[in-house]
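Lifted from TrEMBL, the feature list:
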- 305: site 'Important for channel permeability' (SITE)
- 36-53: transmembrane segment (TRANSMEM)
- 59-77: transmembrane segment (TRANSMEM)
- 84-104: transmembrane segment (TRANSMEM)
- 110-132: transmembrane segment (TRANSMEM)
- 139-159: transmembrane segment (TRANSMEM)
- 192-213: transmembrane segment (TRANSMEM)
- 220-240: transmembrane segment (TRANSMEM)
- 246-267: transmembrane segment (TRANSMEM)
- 274-292: transmembrane segment (TRANSMEM)
- 298-317: transmembrane segment (TRANSMEM)
């Protein structure tokens with residue numbers, strides 16, 4: 001694998017076009033903290049398959065368009081070359097493109113929205129890194145969340161853009177318990193793999209396997225923490241009595257998956273102590289997901305990865321108490 005990557009890097013060194021492709025692939029991989037073009041290729045395959053299987057191939061096109069526009073924008077702004085080459089200005093933009101195309105009806109204005117969102121996400125990324133650096137934090141997917149929230153909320157004032165999959169606005173009301181038998185094995189497994197695929201807003205077992213393969217190509221630890229985080233998230237959500245459709249659809253598990261990868265492999269080196277710490281954070285992310293789902297329901301917008309951002313920031317603050325295992329710099333994605 002190292003030999004293959006070395007050959008690819010030599011080709012990229014001789015071709016500006018290949019360097020552009022390489023940066024975009026790395027940007028796709030950076031959604032799950034992987035600076036590896038082959039990982040990005042696996043992730044792109046997952047996006048394309050998940051979109052095709054759901055009958056919405058334009059969503060994959062929107063994601064690719066967004067990251068290409070973002071990379072061009074970062075070049076135009078003379079952004080840091082090393083970060084640009086590592087895809088750190090692109091991973092938020094592909095999520096913006098996927099989210100906008102997922103939640104809004106297709107049409108000419110959708111593509112305008114995708115381009116505007118991609119450009120804005122780069123500016124927000126640069127600004128966010130500057131603001132959070134003194135805290136020892138990284139931007140994570142904050143630029144994706146804030147940009148997507150603004151784009152989606154704005155559609156309620158625009159007749160030319162219509163939401164097709166946005167949640168319904170409703171006042172927060174006490175949850176009425178439902179009668180349901182414990183999740184059977186098939187439902188549990190479905191919840192696990194869709195928790196992984198929903199990181200890219202997909203509900204597909206094949207996409208989940210491609211994502212796990214992409215993680216394993218670059219880091220077996222990352223793949224293990226992603227799978228473990230998904231299992232723990234599904235078990236936690238079921239234990240607390242969350243709605244079954246949310247569990248099996250992976251809608252309470254995608255943020256915990258990201259939290260598990262971030263804390264378990266990026267910001268701290270894997271160890272028994274870190275595994276326990278990451279497990280607590282993963283469980284708390286499920287709680288944060290449910291809390292933000294309720295808090296945002298009157299606004300009819302999805303929580304996206306906001307729970308992951310909130311919990312990861314909070315759980316990296318005490319890093320000096322785990323300083324023997326801290327690894328990441330504030331410039332990490």
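First residue shown is number 1, and so on along the chain.
The backbone N, Cα and C atoms fix where each Cβ goes, glycine too.
Taking every recorded stretch in 59-77, 220-240, 274-292, 298-317 and counting its Cβ pairs under 8 Å to the transmembrane segment (139-159), the highest total belongs to 298-317.
Sequence-distant contacts of the transmembrane segment (84-104) (same chain, six or more residues past either end, CB-CB distance under 8 Å): 19, 22-31, 35, 40, 47, 56, 58-67, 69-71, 73-75, 110, 113-114, 117-118, 121-122, 124-126, 139, 141, 143-144, 147-148, 151-152, 155, 161-166, 200-201, 302, 304-305, 331, 333. The transmembrane segment (220-240) makes contact with the transmembrane segment (274-292): 3 or more of their CB pairs lie within 8 A, with pairs spaced 6 or more apart in sequence. Same-chain neighbours of the transmembrane segment (192-213): 31-32, 42-43, 45-47, 49-51, 53-54, 59, 63, 95, 98-99, 102, 223, 226-227, 229-231, 233-234, 248-254, 256-258, counting only residues six or more beyond its ends whose CB sits under 8 Å from a CB of the stretch.
Only residues 6 or more beyond the boundaries of the transmembrane segment (110-132), in the same chain, are considered here, and those with a CB under 8 A from a CB of the stretch are 62, 65-67, 69-70, 73-74, 77, 79, 88-89, 92-93, 96-97, 100-101, 104, 138-139, 142-144, 146-148, 151, 161, 313, 330-331. Counting residues 6+ beyond its ends, the transmembrane segment (274-292) has Cβ neighbours under 8 Å at 225, 229, 232-233, 236-237, 240, 242, 251-253, 255-256, 259-260, 263-264, 268, 303, 306-308, 310-312, 315, 322, 325 in the same chain.
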